[in-house]
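As recorded in TrEMBL:
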type	residues	note
BINDING	Gly10, Ala11, Gly12, Lys13, Gly14, Thr15, Arg127, Arg193	ATP binding site
REGION	30-59	region 'NMP'
BINDING	Thr31, Arg36, Asp57, Leu58, Val59, Gly85, Phe86, Pro87, Arg88, Gln92, Arg154, Arg165	AMP binding site
BINDING	Cys130, Cys133, Cys144, Cys147	Zn(2+) binding site
Amino acid sequence: MNIVLLGAPGAGKGTQAAKLVEEFGTPHISTGDMLRAAVKAGTELGKKAKSFMDAGDLVPDDVIIGLVTERLGEPDTEKGFILDGFPRTSAQAVALDAELSKLGRPLSAALLIDVDSEVIVKRLTSRRMCKDCGFIGSEANEQCPKCGGEMYQRDDDNEATVRNRLDVYEKSTSPLIDYYRGCDLLVSIDGDRDPNVVYADVKKALEL
Ligand SMILES: [Zn+2]
């Protein structure tokens, strides 16, 4: 499976990726994690990326594409990969297609975990985290069920911030979704259900 994972923050993308990784051992390639790792390791690309990040600028497409291409050259991706956090724009999607066709490993699907934004607002704003152990629960948890610690709401889980994140996501991702639909690669799964039910559908749709 050579897939690109799409979905709003809070849609459950990470949960589905973790299930695929656990069952199939497919590498989960998160560009956010890779950027942080490259910067830490001080690679050429990492240094380049850091100069943009330090200036508060977005890391340009060619740097990210360089990172992804480098990563896809590693042998563990030969049987497949799950790309997460990239591409973010249709220009990046076109560049990715070009790189993958050079490697002779075209995408098999763009998997969208689709959840209505009002459902996501509810999910994220009712999320509470344990001050002591980081356990993620909901507003129903007055105390942490794991350690008894105090539960609090993260700053970026307040409603205004969540709505802003969703707006940003929608604006940048809608063209991407249209792009993959046009290539006949889009697989859209209703993510507003139990994660195991969603996962069963994901496997069926990807013919796994
Ligand atoms: Zn706790």
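FYI, residue positions are counted from 1 along the chain as it appears here.
Just so it is clear, glycine is given a Cβ too, placed from its N, Cα and C backbone atoms.
In sequence order, Ile136, Gly137, Cys144, Lys146, Cys147, Gly149, Glu150, Met151 are the residues of the chain that are 6 or more apart from Cys130 (Zn(2+) binding site) and have a CB within less than 8 Å of its CB.
With a cut-off of under 6 Å between the Cβ and any atom of ligand 1, the binding-site residues Phe86, Cys130, Cys133, Cys144, Cys147 reduce to Cys130, Cys133, Cys144, Cys147.
Note: the CA-CA distance between Gly14 (ATP binding site) and Val59 (AMP binding site) rounds to 22 Å.
When DSSP labels each residue, the region 'NMP' (30-59) comes out as 22 helix, 1 strand, 7 coil, counted as helix, strand and coil in that order. The binding-site residues listed here (Thr31, Asp57, Val59, Phe86, Cys133, Arg154) include Arg154 as those with a Cα within 10 A of the Cα of Arg127 (ATP binding site). Cβ neighbour count for Thr31 (AMP binding site): 21 (other Cβ atoms within 10 Å of its Cβ, all protein chains included). Of all Cβ atoms in the protein chains displayed, 13 besides its own lie within 10 Å of the Cβ of Cys147 (Zn(2+) binding site). The local packing around Gly10 (ATP binding site), expressed as other Cβ atoms within 10 Å of its Cβ over all shown chains, amounts to 23. Applying an 8 A CB threshold to same-chain residues 6+ apart, the list for Arg154 (AMP binding site) reads Arg127, Met129. Thr31 (AMP binding site) has Lys13 as its nearest neighbour among the binding-site residues Lys13, Thr15, Arg193, going by CA to CA distance.
A C-beta separation below 8 Å, combined with a sequence spacing of at least six in one chain, links Lys13 (ATP binding site) to Leu5, Leu6, Gly7, Asp84, Ile113. Around Phe86 (AMP binding site), the same-chain residues at least 6 positions away in sequence with a Cβ under 8 Å from its Cβ are Val4, Ile29, Thr31, Ile64, Val68, Gln92, Leu96.
Proximity of Ala11 (ATP binding site) to non-local residues of its own chain (separation of 6 or more, Cβ distance below 8 Å) is seen for Ile113, Asp114, Val115, Ile120, Gly191, given in sequence order. For the region 'NMP' (30-59), the model's average pLDDT works out to 86.
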